[in-house]
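Quick look at what Swiss-Prot lists:
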- 1-182: region 'Large ATPase domain (RuvB-L)' (REGION)
- Leu21, Arg22, Gly63, Lys66, Thr67, Thr68, Glu129, Asp130, Tyr131, Arg172, Tyr182, Arg219: ATP binding site (BINDING)
- Thr67: Mg(2+) binding site (BINDING)
- 183-253: region 'Small ATPAse domain (RuvB-S)' (REGION)
- 256-346: region 'Head domain (RuvB-H)' (REGION)
- Arg311, Arg316: DNA binding site (BINDING)
Amino acid sequence: MSERLVTSNEIGIDSTNEYSLRPEKINEYIGQDKVKERLNIFIKAAQRREEALDHVILYGPPGLGKTTLANIIANEMGGNLKITSGPAIERAGDLAAILTTLNTNDVLFIDEIHRLNRSVEEILYPAMEDYVLDIIIGKGAASKSIRLDLPKFTLIGATTRIGMLSSPLRDRFGVLCSMEYYTDEQLKEIIIRSAEILGCHITEEGAFEIAKRSRGTPRIANRLLKRVRDFAEVLYDNEITEEAAKKSLEILEVDGEGFDRIDNKILEAIIDNFNGGPVGIETLAYFVGEELDTIEDVYEPYLLQKGFIVRTPRGRMATDKAYKHLGRVRFNESKIDSKQCTLFEK
């Protein structure tokens, strides 16, 4: 199965030119204005006091720039960035090995921090509060505890599921930042900047055409830019115009809403096979030819967020936006009662 261009999760193509496209300083970072404003104040205050920045949680959907912000914080504080993830830290010793390599003002970035196990979390508590590491040497009656001092560092945790963080861990973060989806204009700025770095000429109209199909996500915007650049180099004299972007993305099967073939197949199944719904998720997965979990976790969230489908107690239903998007006419005049719908019912 080929990798999905409009997924917000990281895929192979994202590693190409990844670091060159990332801003290094906070004033170069586009979007997330409220987060930037707060972090800028906290960073300057920490610098004036000659202290480490307080520990930070960045939470929100994938692909919105959490790792980039962590790198910027490390640069602004004059430290190095060390990156790991919750699933990669299996034992307390794994975390201890990382903590003992840190220097003053370094930033330890833990992606998917909600997936840390509890024994690892317990090592983090004194490290975050008192900058000390308690380790046990030996076993049984002969064991003894040793306390090691750690340099003043900043822990940055990233999560897509803030509610899954344990209360003791969450309470130890002094700065909580909610990452929001980007506007089309912000994504256009990011695309123009990235195109310049990649050495590809792009018009504002071409950048906007890519931006509006990028699902509010910089990772997707840069990914689509790289693919459209290929078309531009071969077919359009290395220039991404509005027309070049539109035709390239049509070939890539990414439509004007940022939907791909499966997104549209889901809408078509609900409307054409079930008269707009309601239809159960198991039945829908069968008609689309995808796993149930894939429908729920990968495709459905964006369709819900954009208002193209709704969840009701009896199943999924297509909205008027979905009918209009597919050029269909709703023959059933009954409207969906929003009071009977919820985004959280299965």
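Quick reminder: no glycine exception, Cβ is built from N, Cα and C everywhere.
Looking only at the binding-site residues Arg311, Arg316, the densest Cβ neighbourhood within 10 Å occurs at Arg316. If you draw a 10 Å sphere around the CB of Tyr131 (ATP binding site), it holds 17 other CB atoms from the protein chains shown. Across the residues annotated as binding ATP (Leu21, Arg22, Gly63, Lys66, Thr67, Thr68, Glu129, Asp130, Tyr131, Arg172, Tyr182, Arg219), the two Cα atoms farthest apart lie 37 Å from each other. Glu129 (ATP binding site) falls within a helical segment according to DSSP. Note: the CA-CA distance between Thr67 (ATP binding site) and Arg311 (DNA binding site) rounds to 33 Å.
On the backbone, the CA of Tyr131 (ATP binding site) and the CA of Arg316 (DNA binding site) stand 50 Å apart. In sequence order, Arg193, Ser194, Ile197, Leu198, Asn222 are the residues of the chain that are 6 or more apart from Leu21 (ATP binding site) and have a CB within less than 8 Å of its CB.
Long-range neighbours of Glu129 (ATP binding site) (same chain, six or more residues apart, CB within less than 8 Å of its CB): Arg172.
Residue pair Arg311 (DNA binding site) / Tyr182 (ATP binding site) shows a Cα separation of 25 Å.
The helix, strand and coil residue counts that DSSP assigns across the region 'Head domain (RuvB-H)' (256-346) are 46 helix, 9 strand, 36 coil. Around Tyr182 (ATP binding site), the same-chain residues at least 6 positions away in sequence with a Cβ under 8 Å from its Cβ are Gly31, Gln32, Leu64, Ile190, Gly216, Thr217, Pro218, Ala221. For the region 'Small ATPAse domain (RuvB-S)' (183-253), the DSSP counts in helix, strand and coil order read 51 helix, 4 strand, 16 coil.
Reported as a whole number, the C-alpha separation between Arg316 (DNA binding site) and Gly63 (ATP binding site) equals 27 Å. In this structure, Gly63 (ATP binding site) belongs to neither helix nor strand by DSSP; it is coil. When secondary structure is read from DSSP and collapsed to three states, Leu21 (ATP binding site) falls in the helix class.
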